[in-house]
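**Q** One structure, pasted below without further comment.
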Amino acid sequence: MRVLGVDPGLTRCGLGLVQGGHPRQLALVAVDVVRTRPDEELGARLLAVDRAVGDWLDEHRPDAVALERVFSQHNVRTVMGTAQVSGVVLAAAARRGIPVGLHTPSEVKAAVTGSGRAGKEQVTNMVTRILALASKPRPADAADALALAICHLWRGPAAARIEAAKAQASKLQAGRTATRARPANAASGATSGATAKTWTNATTSATTGAARWQTPRRATDPPRSST
């Protein structure tokens, strides 16, 4: 399975492609950083990222894309740029029918280093070790993109199994609830049937009695008793 990790950023957008094989055996396929100039118009910068990501998707044909989930930061301007680039990546993958997995920074750090609070240098060191690289990937955006891909390859299948188990548990619970409710519904139906039958009999009797009293008397009929 091939996963393209994307560390979204408007000035630097990290791209890292990792091949997954036997349990936890990973290999680097390609890594790069897409750069745009801050003095360029926003639309032109996003278009440049879109073209670069699209070229990678078309050339390498990954099975999935791992993208950093946008979260609140103190620097609103940085968050906006990250969110805009994330939207570009999501659209590029959707156009090609490639699934996208979103991972938080702490989730990625925990998957790669074992600690959700690891620093960037720790992440870089572990990525270098996991992929058996001759040198550390630079800048940090490149290492972060590779870490995203690694996280998705290691945690993606486990997360999918957990979700499948939850769905199965919900289905079983719904079945048990329906089974418990069925006898009550049957009893309710029987009661309703008996009530309806009683009402029908009473109505029929009343109608017959009224018809008997309303039948015109003939001259030869004996007088009717009021009792």
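We number each residue from 1, going along the chain as drawn.
Note that Cβ sites are derived from N, Cα and C of the backbone, with glycine treated the same way.
I grabbed these lines from TrEMBL:
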| type | residues | note |
| --- | --- | --- |
| BINDING | ASP7, ASP141 | Mg(2+) 1 binding site |
| ACT_SITE | ASP7 | active site |
| ACT_SITE | GLU68 | active site |
| BINDING | GLU68 | Mg(2+) 2 binding site |
| ACT_SITE | ASP141 | active site |
| REGION | 175-227 | region 'Disordered' |
| COMPBIAS | 175-211 | compositional bias 'Low complexity' |
**Q** So if I draw a 10 Å sphere around the Cβ of ASP141 (Mg(2+) 1 binding site), how many other Cβ atoms end up inside it?
**A** 24
**Q** For GLU68 (active site) and ASP141 (Mg(2+) 1 binding site), determine the Cα separation and express it in whole Å.
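**A** Cα-Cα distance, GLU68 (active site) to ASP141 (Mg(2+) 1 binding site): 11 Å.
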